[in-house]
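Asks: Here it is: the structure, laid out below.
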Amino acid sequence: SQTGTYSISGSRYYTAYSRSDYLDMALYRFIPEQIIKKPLDKFYVWAWLFLFAAVVIIGVYALSTYKFIHKPLITLVKSFRRMENGDLDFVIANESKYEFGYLFVRFNQMVANLRSLIDQVYKQKIMAQRAELKQLQSQINPHFLFNSFFILNTMAKTGDLERVELFTTQLGEYFQFVTRNASDEVSLKQEIQHARLYTEIQKLRFSRRVAVQFEDLPYDLEKLQVPRLIVQPIIENAFEHSLEQMAYNGWIVIRFDWNETEVQIIVEDNGNRLTDETLQYIEESLATNDEQMETTGMVNIHRRLKITFGDPYGLYVSRGDLGGLQVIIRFPRNRGGELV
């Protein structure tokens, strides 16, 4: 048997041909092509309808997924990134009644609680800083006060009224700066002026035994705001613990180092009493976070700098080039993108 297609009078037919030698005859069967293709045409129609319906369903599903899952998820991720960058002054607009609506409500509550906790911690840090300052103010060295009045008495006996007037004025300005409670921070210029005033008072006591060299404060640093009483106690420590026993050639050098982000005030002396054990003890005292340990002037300053500026700022000690103790006071030149 054989099959094929033929065109008769413009119409196409599928043919089937079979011959029988026994009957000596051939049988032809002609089937119009349209009869065979008619079921396929219905199949094509249903296939296209199914494809169209599938596209519509997939589109609706994709839009629903984007609206109810993908878009809220992107919003949540962006909100977490804003929070990671320190931005807590926002809330997620919540109009969803589904699971993401619950997540948005909880996220907004979390941000609000975090803001509240940060405010509480900040206020506690400010209170702690003020308490540390009050403690430092209360630690006025009685020996310094006694020696000041002894010097004043000696000058009065010699009849040096001009020096008596100068000394009492300096002493009054010194205690006015130390004991005033108007502000926890001052300009760096005021802080250095107070430190210079203290050294002028001490020069009368130590006479020519100790020389103090102040590097000029750069103009760009004069208006920087710093915690009060961070330089003078360091110089006082050099006078009282490093140079008090030196008969001559005592040196204290105060200089400045800075860049775009950080300022360092270096206070260095040439005292010969600094041992490795003493240096290690000072380093350990500054490194510890034990609030119960005895608070010295240097530890007090270190804590206040960390409360105000955070890590890595504070005091850093080492043996200086002059042979004595070198104290580096580190603080940022800007705070939150603005000049301190």
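Positions of Cβ are set from backbone N, Cα and C atoms, glycine also.
Source: prediction; values computed, not measured.
Copied straight from TrEMBL:
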- 43-63: transmembrane segment (TRANSMEM)
- 67-119: domain 'HAMP' (DOMAIN)
Asks: Looking only at the domain 'HAMP' (67-119), report the model's average pLDDT.
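Replies: Taking every residue in the domain 'HAMP' (67-119) and averaging pLDDT yields 83.
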Asks: Reported in the order helix, strand, coil, what are the DSSP residue counts of the domain 'HAMP' (67-119)?
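Replies: Output for the domain 'HAMP' (67-119) reads 39 helix, 0 strand, 14 coil.
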